[in-house]
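Here is the structure we will look at.
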Amino acid sequence: GKPVKYDPSFNGPIKNRSCTDIICCLVFIIFIFGLAVVAYFAFAYGDPKLLLYPQDSEGNLCGYGNMRGKDHLFFFDLVKCGRMGPGVFVNGCPTPQVCLAECPKDNYVYLQNAIDNKKDKLICTYNANKATKVRLDVNTLVGDEECAAYYLKSTSVINRCLPIDELINIVDGAVEIGNETLRDAENNNVTASDQFLAAKEYAEKAIADLTSTWWMILIGLFLGMIICFIWIVVMRWIAGIMVWFTILAFVALFAGGIAVCFYNYLIYKDNDEAFSFTLAVVNLTFSKAKLFLGVGITAAIIFVIVFLILLFLCSRIRIAISLIKEGSRAVGTMIFTLVWPLFPFVLQLGVVALWAVVAVFSQQLPCDNSVSFSQQLPCDNSVSFSQQLPCDNSVSFFLVSIYSIFSQYIQVSLIYRYTIYLQIYNLFMLFWLVNFVVALGQMTLAGAFASYYWAFNKPKDIPAFPILSSFWRSIRYHLGTLAFGSLLIAIVQLIRVFLEYLDHKLKGSENPVAKFLMKCLKCFFWCLEKFLKFLNKNAYIMCAVYGKNFCISAKNAFMLILRNVVRVVVIDQVTDFLLFICKMVVVALTGTGAFFFFDGRIEFLNQYKPTLNFYFIPIIIVVLGTYVIASCFFSVYNMAVDTLFLCFLEDLERNDGSTEKPYYMSKDLMGIVGKKNKVPKS
């Protein structure tokens with residue numbers, strides 16, 4: 001592309017601009033209207049209570065339809081659920097499950113009746129009717145999994161029978177209830193390692209710890225936020241020290257490692273020794289002298305390459321450091337930019353909440369025993385939505401307005417038939433709206449930081465309320481551009497979800513070609529999503545400055561980056577590395593403080609320290625929460641550096657330092673690139 005030409009009227013984000021990508025804006029509005037329609041039908045005719053109805057092994061809903069009165073789901077062998085680990089929430093529990101009128105009120109092991117063959121206490125499947133019970137003995141019924149091998153006194157938890165109040169004893173690794181040792185259907189002891197129900201005690205203690213420390217956790221998160229703010233302010237002074245110290249430490253450690261390798265080679269070359277170790281099933285033997293020589297030569301080659309790269313990229317690294325310092329000044333000047341991430345964060349929470357509510361309310365009751373997205377729902381005349389629907393396959397959601405007149409003659413509801421497609425539409429809108437909110441936040445910050453860079457006399461020439469001005473320009477003129485960019489990412493994300501679904505379905509396939517193609521496709525779309533996010537962010541920066549549509553902005557940003565590709569790579573990597581170090585420092589400081597407090601090592605605060613079962617639980621929450629807060633703060637910093645960098649590149653192409661075309665960059669940056677503004681003669 002051609003370098004940007006000087007424009008005497010340009011002095012920052014253009015005020016007089018027009019609406020961009022209007023067609024995409026209209027499409028976005030239509031899709032939002034479609035989401036509103038889907039949400040209306042979900043709220044009006046969906047039944048979120050279906051998520052609470054447990055489902056037995058035959059697809060019946062406990063407490064509904066022909067299982068009315070049998071509200072509780074009973075698991076034959078909870079141990080098998082525990083062995084599934086987290087996969088039990090996706091694939092279900094691989095043990096027979098039946099609906100019961102009430103949960104077991106006592107403990108039972110089938111060996112109690114293995115000899116006398118009494119069957120009155122057995123809990124069996126629906127197929128194991130009375131005739132079958134009479135014909136077969138207890139051992140056969142349990143061995144065929146027609147009846148449960150054992151059960152415990154249970155309590156109904158969300159209509160599931162769980163033995164949460166039962167005392168479990170561990171004797172020589174085996175689980176005992178009273179004097180009976182639990183055995184599964186294969187007549188094997190149920191061991192303590194299999195018994196996941198013991199986690200209930202730990203969960204109760206963890207909840208008690210959180211209840212007593214919630215306000216302390218909030219204080220810890222607030223202190224983490226203060227540390228983030230202070231760290232960003234001091235970055236203008238310590239950014240260079242951090243980067244150069246890390247580079248020098250890397251060079252020194254690598255050089256030291258090379259010296260150690262060659263030193264050991266000189267020691268072992270005359271008196272060589274061999275050592276061996278086993279890797280998988282292969283026994284490998286190495287000569288120590290040759291091993292140290294090979295590692296030393298390899299490390300030396302890498303060291304020389306890295307050292308030469310550092311020598312050639314030294315000026316680029318200095319530019320990156322200077323831009324990071326300038327970003328800190330910009331954030332410090334426009335302090336409200338640090339508060340801005342709260343707004344898109346709340347919007348994203350709202351979008352996710354809307355998606356979740358619509359998805360939950362989309363659980364519907366078809367009257368033809370067909371599958372509705374995630375549940376097999378039997379037909380029942382007693383079910384009522386917002387109005388009573390007869391169970392004769394004659395209702396259509398699209399003709400509800402005339403239901404009272406023609407209810408006996410309307411065809412099967414299309415909304416039931418296409419529930420899965422509406423759920424996919426809802427998921428697609430989740431991706432689109434979340435990415436739209438991210439784009440809005442990026443463009444708003446880009447406009448504010450561009451206003452800072454293109455102010456010749458800082459901070460005097462910075463416009464008042466730069467964040468609000470940029471936000472207004474974004475929603476007034478560029479909703480279509482934001483929708484366009486976020487649409488591209490949403491489509492790729494939906495394709496990735498579809499590929500993950502296919503990969504899950506093909507896990508049992510032994511076709512290596514299919515597996516290879518699937519991995520290639522997943523890798524390609526992952527890379528494509530990363531590239532689009534990078535391109536979109538730079539397109540939003542150009543759009544915030546010049547007010548052009550998405551395609552022109554993306555093209556101009558991409559060409560500008562290609563003309564300065566080495567600088568872009570170096571600054572991007574240095575910035576990412578430095579911000580990662582900053583986040584880790586903030587998290588480490590907050591986490592260390594939380595550890596010393598909850599562990600009682602800060603003596604003058606011991607009077608406030610609560611007695612905890614697991615003191616690491618509030619520490620973990622403080623660490624994770626601080627990481628989220630630090631990510632929000634430093635995302636602003638990252639956007640500041642990216643915006644200032646593109647403005648810096650344009651400044652180099654647009655101006656030449658003369659009195660007519662002075663540079664807008666800082667004196668530090670001008671000194672690094674060997675530029676200066678000419679002072680007009682008096």
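Note: Cβ is positioned from N, Cα and C throughout, glycine not excepted.
The shown structure was predicted, so the numbers you read here are calculated from the model rather than taken from an experiment.
According to TrEMBL, the protein has these features:
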TRANSMEM  21-43  transmembrane segment
TRANSMEM  214-234  transmembrane segment
TRANSMEM  241-266  transmembrane segment
TRANSMEM  291-314  transmembrane segment
TRANSMEM  335-361  transmembrane segment
TRANSMEM  395-416  transmembrane segment
TRANSMEM  428-455  transmembrane segment
TRANSMEM  475-499  transmembrane segment
TRANSMEM  577-598  transmembrane segment
TRANSMEM  614-637  transmembrane segment
Quick check for me: are there 3+ Cβ pairs below 8 Å between the transmembrane segment (475-499) and the transmembrane segment (335-361), leaving out pairs under 6 residues apart?
no
Under a Cβ pair cut-off of under 8 Å, which of the recorded stretches 21-43, 291-314, 428-455 contacts the transmembrane segment (241-266) most often?
291-314
Hey, does the transmembrane segment (335-361) touch the transmembrane segment (614-637), meaning at least 3 C-beta pairs closer than 8 angstroms, sequence gap 6 or more?
yes
Quick test of the contact rule: Cβ under 8 Å, at least six residues beyond the ends. What residues does that give for the transmembrane segment (291-314)?
247, 250-251, 254-255, 257-258, 261-262, 264-265, 268-269, 566, 570
Sort out the residues at least 6 away from either end of the transmembrane segment (21-43), same chain, that have Cβ-Cβ distances under 8 Å to it, and list them.
354, 357-358, 361-362, 397, 415, 422, 425-426, 429, 432, 436, 478-481, 483-484, 487, 549-550
